[in-house]
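Below: the structure, in structure tokens.
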């Protein structure tokens with residue numbers, strides 16, 4: 001059957017209608033010719049009884065021995081170290097200070113007894129009977145002047161009151177070195193050491209510092225200065241000598 005459509009419809013509209021009609025026709029065709037399969041009836045199930053076979057006993061499980069843990073080894077005893085003995089450094093004993101020399105006692109003046117002066121004998125007048133050749137009598141010497149008294153001179157020069165001995169250098173004592181130092185110095189009116197000089201030292205640069213340090217503390221009697229005083233200081237392992 002054909003439709004007489006007016007010619008005024010455009011081609012796109014016709015094409016769209018044709019496509020929709022084809023789709024609807026295809027769906028109708030498929031629904032009519034579809035075969036619906038019916039499920040087949042259930043078949044009986046045959047069951048055959050079978051006698052069970054002799055069951056074998058299950059294999060014996062191995063006996064698991066308990067694991068014995070080894071005893072822990074005893075820890076080694078820590079032996080405490082013996083305390084170290086303290087090293088005692090024996091310092092050299094200070095040498096005794098020299099005792100001040102005792103002051104000399106002033107000597108007592110001993111007065112000598114005065115001699116008696118006898119008057120000289122007057123000469124006799126010459127006798128006319130005496131021989132003129134006779135020698136004139138000698139007169140005794142005049143002893144009018146008294147005998148000279150002994151004079152006591154006061155000691156002169158510096159007099160030490162305190163002389164500190166120099167300390168023995170530790171290095172020289174360790175090496176058992178002995179030596180000698182000769183010095184020259186002045187003594188001031190207040191009894192102190194001035195112008196200290198080292199004249200010689202054997203061995204050199206070993207004992208000089210100790211000598212200077214000790215002599216700065218020396219004291220002399222005040223009011224008795226001196227210049228150019230020389231002295232020798234001997235360092236011996238058994239002691240220090242000051243000459």
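Backbone N, Cα and C atoms are what each Cβ position is placed from, and that goes for glycine too.
Range with Swiss-Prot annotation region '8 X 2 AA approximate tandem repeats of K-P', chosen from 27-42, 91-106, 171-186, is 91-106. Sorting the domain 'TonB C-terminal' (153-243) by DSSP state (H, G, I as helix; E, B as strand; all else coil) yields 13 helix, 39 strand, 39 coil.
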